[in-house]
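Database features (TrEMBL):
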type	residues	note
SITE	Arg23	site 'Transition state stabilizer'
SITE	Lys30	site 'Transition state stabilizer'
SITE	Arg160	site 'Positions MEP for the nucleophilic attack'
SITE	Lys213	site 'Positions MEP for the nucleophilic attack'
Amino acid sequence: MTAQLNPRGDVAVLVPAAGAGVRLGPGAPKALRLLAGEPLLVHAVRRIAAAPSVHTIVVAAPAADVESVRAMLGAVAPVTVVPGGAERQASVAAALAAVPTGPGIVLVHDAARALTPPDLVESVAAAVREGHDAVIPVLPVVDTIKEVDAAERVLGTVDRSALRAVQTPQGFRRSVLTAAHEAAGDSLTDDAGLVEKQGVAVVCVPGSELALKITRPFDLALAEHLLTTGA
Ligand SMILES: Nc1ccn([C@@H]2O[C@H](COP(=O)(O)OP(=O)(O)OP(=O)(O)O)[C@@H](O)[C@H]2O)c(=O)n1
Ligand SMILES: C[C@](O)(CO)[C@H](O)COP(=O)(O)O
(Lines of atoms letter the chains of each structure in order from A and count residues from 1; the text may use other names and numbers.)
(Lines give C-alpha, C1' and ligand atoms only; values in the text may rest on other atoms or scores of the structure.)
(Ligands and ions follow the chains in the order given, each with its own letter.)
Protein backbone atom coordinates (compact mmCIF):
# COMPACT_ATOMS: atom_id res chain seq x y z
CA MET A 1 0.00 0.00 0.00
CA THR A 2 1.17 3.54 -0.79
CA ALA A 3 1.86 5.74 2.22
CA GLN A 4 -0.13 8.98 2.34
CA LEU A 5 0.85 12.29 3.86
CA ASN A 6 -2.15 14.62 3.54
CA PRO A 7 -5.19 12.65 2.28
CA ARG A 8 -6.77 15.92 1.09
CA GLY A 9 -3.69 17.01 -0.85
CA ASP A 10 -3.70 16.87 -4.66
CA VAL A 11 0.05 16.55 -5.25
CA ALA A 12 2.30 13.50 -5.56
CA VAL A 13 6.02 14.22 -5.40
CA LEU A 14 8.44 11.82 -7.08
CA VAL A 15 11.96 11.98 -5.68
CA PRO A 16 14.66 10.50 -7.91
CA ALA A 17 17.40 9.55 -5.42
CA ALA A 18 19.09 6.59 -7.10
CA GLY A 19 22.10 8.37 -8.59
CA ALA A 20 25.68 7.49 -7.73
CA GLY A 21 26.99 11.00 -7.28
CA VAL A 22 30.09 10.50 -9.42
CA ARG A 23 30.76 14.25 -9.60
CA LEU A 24 30.68 14.47 -5.81
CA GLY A 25 33.55 11.97 -5.61
CA PRO A 26 33.90 8.46 -4.14
CA GLY A 27 31.54 7.40 -1.36
CA ALA A 28 27.98 6.28 -0.73
CA PRO A 29 25.23 7.02 -3.29
CA LYS A 30 24.79 10.80 -3.28
CA ALA A 31 21.32 10.91 -1.70
CA LEU A 32 22.69 9.00 1.30
CA ARG A 33 25.70 11.23 1.89
CA LEU A 34 25.62 13.38 4.99
CA LEU A 35 24.85 17.09 5.14
CA ALA A 36 25.08 18.48 8.67
CA GLY A 37 24.85 14.90 9.99
CA GLU A 38 21.82 13.75 8.02
CA PRO A 39 21.52 12.20 4.54
CA LEU A 40 20.66 14.59 1.70
CA LEU A 41 17.50 12.57 1.10
CA VAL A 42 16.28 13.19 4.66
CA HIS A 43 16.71 16.95 4.21
CA ALA A 44 14.88 16.83 0.88
CA VAL A 45 11.96 14.69 2.09
CA ARG A 46 11.50 16.73 5.27
CA ARG A 47 11.07 19.90 3.20
CA ILE A 48 8.71 18.26 0.69
CA ALA A 49 6.59 16.85 3.52
CA ALA A 50 6.24 20.36 4.98
CA ALA A 51 4.37 21.52 1.86
CA PRO A 52 0.65 21.36 2.73
CA SER A 53 -0.57 20.21 -0.74
CA VAL A 54 1.51 17.04 -0.75
CA HIS A 55 -0.59 13.87 -0.64
CA THR A 56 2.07 11.28 -1.50
CA ILE A 57 5.86 11.07 -1.74
CA VAL A 58 7.49 8.32 -3.80
CA VAL A 59 11.27 7.96 -3.57
CA ALA A 60 13.33 6.06 -6.17
CA ALA A 61 16.31 4.78 -4.18
CA PRO A 62 19.41 2.85 -5.24
CA ALA A 63 18.19 -0.76 -5.67
CA ALA A 64 20.58 -2.09 -3.01
CA ASP A 65 19.40 0.47 -0.45
CA VAL A 66 15.60 0.28 -0.74
CA GLU A 67 15.09 -1.39 2.66
CA SER A 68 17.48 0.89 4.54
CA VAL A 69 16.02 4.01 2.89
CA ARG A 70 12.52 2.84 3.84
CA ALA A 71 13.63 2.44 7.47
CA MET A 72 15.51 5.75 7.45
CA LEU A 73 12.59 7.77 6.06
CA GLY A 74 10.03 6.08 8.30
CA ALA A 75 10.90 8.58 11.01
CA VAL A 76 10.67 11.57 8.65
CA ALA A 77 7.39 11.20 6.73
CA PRO A 78 5.09 8.55 5.24
CA VAL A 79 6.95 7.69 2.04
CA THR A 80 6.81 4.94 -0.58
CA VAL A 81 10.24 3.71 -1.68
CA VAL A 82 10.87 1.90 -4.98
CA PRO A 83 14.08 0.80 -6.68
CA GLY A 84 15.42 3.38 -9.14
CA GLY A 85 16.91 2.72 -12.56
CA ALA A 86 20.23 3.16 -14.32
CA GLU A 87 19.38 6.69 -15.44
CA ARG A 88 17.39 9.48 -13.84
CA GLN A 89 14.56 9.11 -16.36
CA ALA A 90 14.14 5.42 -15.48
CA SER A 91 14.09 6.28 -11.77
CA VAL A 92 11.34 8.85 -12.34
CA ALA A 93 9.35 6.34 -14.42
CA ALA A 94 9.61 3.75 -11.61
CA ALA A 95 8.37 6.26 -9.04
CA LEU A 96 5.55 7.45 -11.31
CA ALA A 97 4.30 3.88 -11.63
CA ALA A 98 3.89 3.74 -7.83
CA VAL A 99 1.67 6.83 -7.47
CA PRO A 100 -1.75 5.81 -6.13
CA THR A 101 -5.07 6.88 -7.61
CA GLY A 102 -5.93 10.38 -6.43
CA PRO A 103 -3.37 13.12 -6.94
CA GLY A 104 -3.94 14.98 -10.21
CA ILE A 105 -0.67 16.91 -9.99
CA VAL A 106 2.75 15.25 -10.06
CA LEU A 107 5.99 17.01 -9.14
CA VAL A 108 9.42 15.56 -9.85
CA HIS A 109 12.10 16.72 -7.44
CA ASP A 110 15.79 15.79 -7.20
CA ALA A 111 16.93 14.48 -3.81
CA ALA A 112 20.13 16.35 -4.68
CA ARG A 113 18.29 19.68 -4.25
CA ALA A 114 18.15 18.98 -0.55
CA LEU A 115 17.55 22.54 0.71
CA THR A 116 14.61 23.38 -1.56
CA PRO A 117 12.06 25.33 0.51
CA PRO A 118 8.49 23.98 0.86
CA ASP A 119 7.28 27.28 -0.61
CA LEU A 120 8.79 26.39 -3.97
CA VAL A 121 6.94 23.04 -3.94
CA GLU A 122 3.73 24.96 -3.28
CA SER A 123 4.33 27.62 -5.95
CA VAL A 124 5.03 25.06 -8.68
CA ALA A 125 1.97 23.03 -7.66
CA ALA A 126 -0.16 26.19 -7.60
CA ALA A 127 0.83 27.06 -11.18
CA VAL A 128 -0.23 23.59 -12.37
CA ARG A 129 -3.47 23.93 -10.39
CA GLU A 130 -4.11 27.25 -12.17
CA GLY A 131 -4.23 25.35 -15.46
CA HIS A 132 -0.70 24.95 -16.78
CA ASP A 133 0.20 21.46 -18.01
CA ALA A 134 3.87 21.75 -17.15
CA VAL A 135 5.72 24.16 -14.86
CA ILE A 136 9.42 24.56 -14.14
CA PRO A 137 11.25 26.77 -11.61
CA VAL A 138 14.06 28.76 -13.20
CA LEU A 139 16.75 31.30 -12.41
CA PRO A 140 18.32 33.78 -14.82
CA VAL A 141 21.76 32.85 -16.13
CA VAL A 142 24.30 35.13 -14.44
CA ASP A 143 27.50 34.25 -16.33
CA THR A 144 28.41 35.13 -19.90
CA ILE A 145 27.92 31.95 -21.96
CA LYS A 146 30.35 30.93 -24.75
CA GLU A 147 29.88 28.21 -27.33
CA VAL A 148 33.13 26.26 -27.87
CA ASP A 149 34.43 23.54 -30.20
CA ALA A 150 35.98 20.19 -29.21
CA ALA A 151 39.34 21.90 -28.65
CA GLU A 152 37.77 24.47 -26.28
CA ARG A 153 38.16 27.26 -28.84
CA VAL A 154 35.45 29.86 -28.58
CA LEU A 155 32.98 29.83 -31.47
CA GLY A 156 30.88 32.70 -30.18
CA THR A 157 29.02 34.37 -27.36
CA VAL A 158 25.47 33.21 -26.72
CA ASP A 159 22.71 35.76 -26.02
CA ARG A 160 21.90 34.86 -22.43
CA SER A 161 18.85 37.10 -22.13
CA ALA A 162 16.62 34.26 -23.29
CA LEU A 163 18.38 31.51 -21.29
CA ARG A 164 17.25 30.13 -17.94
CA ALA A 165 18.86 27.71 -15.49
CA VAL A 166 16.27 25.05 -14.68
CA GLN A 167 15.67 23.59 -11.24
CA THR A 168 13.26 21.14 -9.65
CA PRO A 169 10.54 20.54 -8.52
CA GLN A 170 9.07 20.39 -12.00
CA GLY A 171 5.28 20.12 -11.93
CA PHE A 172 2.87 18.44 -14.33
CA ARG A 173 -0.72 17.56 -14.80
CA ARG A 174 -0.51 13.86 -14.03
CA SER A 175 -1.86 12.63 -17.38
CA VAL A 176 0.64 14.83 -19.23
CA LEU A 177 3.66 13.43 -17.37
CA THR A 178 2.39 9.85 -17.71
CA ALA A 179 1.91 10.23 -21.47
CA ALA A 180 5.35 11.81 -21.87
CA HIS A 181 7.07 8.96 -20.02
CA GLU A 182 5.11 6.35 -21.97
CA ALA A 183 6.24 7.97 -25.23
CA ALA A 184 9.83 8.56 -24.05
CA GLY A 185 12.64 7.49 -26.30
CA ASP A 186 16.15 8.76 -25.61
CA SER A 187 16.97 9.56 -22.02
CA LEU A 188 16.76 13.29 -21.30
CA THR A 189 18.14 15.21 -18.33
CA ASP A 190 14.79 16.55 -17.14
CA ASP A 191 11.10 15.68 -17.29
CA ALA A 192 10.06 18.96 -18.88
CA GLY A 193 12.20 17.90 -21.86
CA LEU A 194 10.03 14.79 -22.32
CA VAL A 195 6.87 16.87 -22.14
CA GLU A 196 8.27 19.45 -24.62
CA LYS A 197 8.80 16.59 -27.09
CA GLN A 198 5.06 15.91 -26.90
CA GLY A 199 4.36 19.50 -27.97
CA VAL A 200 3.06 20.49 -24.55
CA ALA A 201 3.66 24.10 -23.42
CA VAL A 202 6.00 24.42 -20.44
CA VAL A 203 5.87 27.60 -18.35
CA CYS A 204 8.47 29.04 -15.98
CA VAL A 205 8.03 30.30 -12.41
CA PRO A 206 10.74 31.90 -10.28
CA GLY A 207 13.14 29.37 -8.77
CA SER A 208 15.12 29.64 -5.54
CA GLU A 209 18.84 29.96 -4.83
CA LEU A 210 18.22 27.44 -2.04
CA ALA A 211 17.14 24.85 -4.59
CA LEU A 212 20.75 24.48 -5.77
CA LYS A 213 21.64 21.00 -6.97
CA ILE A 214 24.35 19.44 -4.84
CA THR A 215 26.54 18.10 -7.62
CA ARG A 216 30.20 18.78 -6.75
CA PRO A 217 32.08 18.97 -3.41
CA PHE A 218 31.81 22.78 -3.40
CA ASP A 219 27.99 22.52 -3.53
CA LEU A 220 27.98 20.26 -0.47
CA ALA A 221 30.20 22.70 1.42
CA LEU A 222 27.94 25.59 0.36
CA ALA A 223 24.81 23.72 1.48
CA GLU A 224 26.44 22.93 4.82
CA HIS A 225 27.25 26.61 5.26
CA LEU A 226 23.71 27.64 4.31
CA LEU A 227 22.22 25.16 6.78
CA THR A 228 24.42 26.25 9.65
CA THR A 229 23.55 29.87 8.95
CA GLY A 230 19.80 29.24 9.01
CA ALA A 231 18.56 27.97 5.60
N1 LIG B 1 20.02 6.65 -12.16
C2 LIG B 1 19.69 7.77 -11.51
C3 LIG B 1 20.49 8.95 -11.65
C4 LIG B 1 20.13 10.08 -10.93
N5 LIG B 1 19.05 10.02 -10.12
C6 LIG B 1 18.72 11.19 -9.28
O7 LIG B 1 18.49 12.32 -10.08
C8 LIG B 1 18.81 13.49 -9.34
C9 LIG B 1 19.64 14.46 -10.19
O10 LIG B 1 20.77 13.78 -10.64
P11 LIG B 1 22.27 14.21 -10.34
O12 LIG B 1 22.33 15.34 -9.40
O13 LIG B 1 22.95 14.32 -11.64
O14 LIG B 1 22.78 12.94 -9.52
P15 LIG B 1 23.76 11.78 -9.93
O16 LIG B 1 23.33 11.12 -11.19
O17 LIG B 1 23.86 10.94 -8.71
O18 LIG B 1 25.12 12.61 -10.15
P19 LIG B 1 26.40 12.19 -11.00
O20 LIG B 1 26.05 12.42 -12.45
O21 LIG B 1 27.47 13.09 -10.51
O22 LIG B 1 26.69 10.71 -10.72
C23 LIG B 1 19.56 13.04 -8.07
O24 LIG B 1 18.72 13.23 -6.94
C25 LIG B 1 19.85 11.59 -8.35
O26 LIG B 1 19.86 10.76 -7.20
C27 LIG B 1 18.28 8.86 -10.01
O28 LIG B 1 17.30 8.84 -9.28
N29 LIG B 1 18.61 7.77 -10.72
C1 LIG C 1 16.53 17.80 -13.55
C2 LIG C 1 17.64 18.80 -13.37
O3 LIG C 1 17.98 18.93 -12.01
C4 LIG C 1 17.18 20.15 -13.86
O5 LIG C 1 18.22 21.06 -13.78
C6 LIG C 1 18.89 18.39 -14.13
O7 LIG C 1 18.61 18.37 -15.50
C8 LIG C 1 19.50 17.08 -13.69
O9 LIG C 1 20.64 16.89 -14.49
P10 LIG C 1 21.82 15.93 -14.13
O11 LIG C 1 22.75 15.96 -15.30
O12 LIG C 1 21.20 14.59 -13.91
O13 LIG C 1 22.49 16.52 -12.95
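Indices start at 1 and increase along the chain as displayed.
Heads up, the Cβ atoms here are built off N, Cα and C, so glycines get one too.
All annotation found in TrEMBL is predicted automatically rather than curated by experts.
Positions of the features from TrEMBL, shown on the structure.
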residue: Arg23; record: site 'Transition state stabilizer'; contacts (Cβ under 8 Å, 6+ apart): Thr215, Arg216
residue: Lys30; record: site 'Transition state stabilizer'; contacts (Cβ under 8 Å, 6+ apart): Gly19, Ala20, Gly21, Leu24, Leu40, Ala111, Ala112, Ile214
residue: Arg160; record: site 'Positions MEP for the nucleophilic attack'; contacts (Cβ under 8 Å, 6+ apart): Pro140, Val141, Asp143, Thr144, Ile145
residue: Lys213; record: site 'Positions MEP for the nucleophilic attack'; contacts (Cβ under 8 Å, 6+ apart): Asp110, Ala112, Arg113, Gln167, Asp219
Select, from Lys30, Arg160, Lys213, each of the recorded sites with a Cβ positioned under 6 A from at least one atom of ligand 2; if none does, say none.
Lys213
Filter the recorded sites Arg23, Lys30, Arg160 down to those with CB closer than 6 A to an atom of ligand 1; keep them in sequence order.
Arg23, Lys30
In three-state terms from DSSP, label Lys213 (site 'Positions MEP for the nucleophilic attack') for me.
coil
